[in-house]
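Taking it in order: structure first as structure tokens, then the write-up.
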Amino acid sequence: MKLHILAVGHKMPDWIATGFDEYAKRMPPELRIELREIKPEQRSSGRSAESVMASERQKIEAALPRNARIVALDERGKDWTTMQLANALPTWQQDGRDVAFLIGGADGLDPDLKARADMLLRVSSLTLPHAMVRVLLAEQLYRAWTITQNHPYHRV
């Protein structure tokens, strides 16, 4: 099973790529994290947020792995703990489908894409820099995996 992160946004600062890569490389081969950056739509004057999100939705849908479980990151999503994520990983692995985590652009994810998702997940109640989300998600996926392996990385 692969863990795909589809993130609207590109040309991130080097420290974002370094942070993401650090956690991605720690993952075992059977839970490899793959990042796909989606080029954001131009936010020209007169163009509505809905129009921008709809265009980004099409790009995300084109990049989605076939038959993947879709987890859309959204501020109104389920507020899971790290332990809940750790409990979900083995279940998802047994299911055999890849998991695609969707990170929207500046305006978020298109409502139709959120409706299509298998789950909406909130990363934090805090307002975070957009680029930081991919690093936090990669770290939490790594932490969740270490919990399933009784690895000492996670301490309570």
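The backbone N, Cα and C atoms fix where each Cβ goes, glycine too.
What Swiss-Prot says about this protein:
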BINDING   Leu73, Gly104, Val123, Ser124, Ser125, Leu126, Thr127, Leu128  S-adenosyl-L-methionine binding site
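Everything Swiss-Prot records as a feature, shown here on the structure.
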| residue | record | Cβ within 10 Å |
| --- | --- | --- |
| Leu73 | S-adenosyl-L-methionine binding site | 25 |
| Gly104 | S-adenosyl-L-methionine binding site | 25 |
| Val123 | S-adenosyl-L-methionine binding site | 20 |
| Ser124 | S-adenosyl-L-methionine binding site | 12 |
| Ser125 | S-adenosyl-L-methionine binding site | 8 |
| Leu126 | S-adenosyl-L-methionine binding site | 6 |
| Thr127 | S-adenosyl-L-methionine binding site | 6 |
| Leu128 | S-adenosyl-L-methionine binding site | 12 |
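Leu73 (S-adenosyl-L-methionine binding site) falls within a strand when secondary structure is assigned with DSSP.
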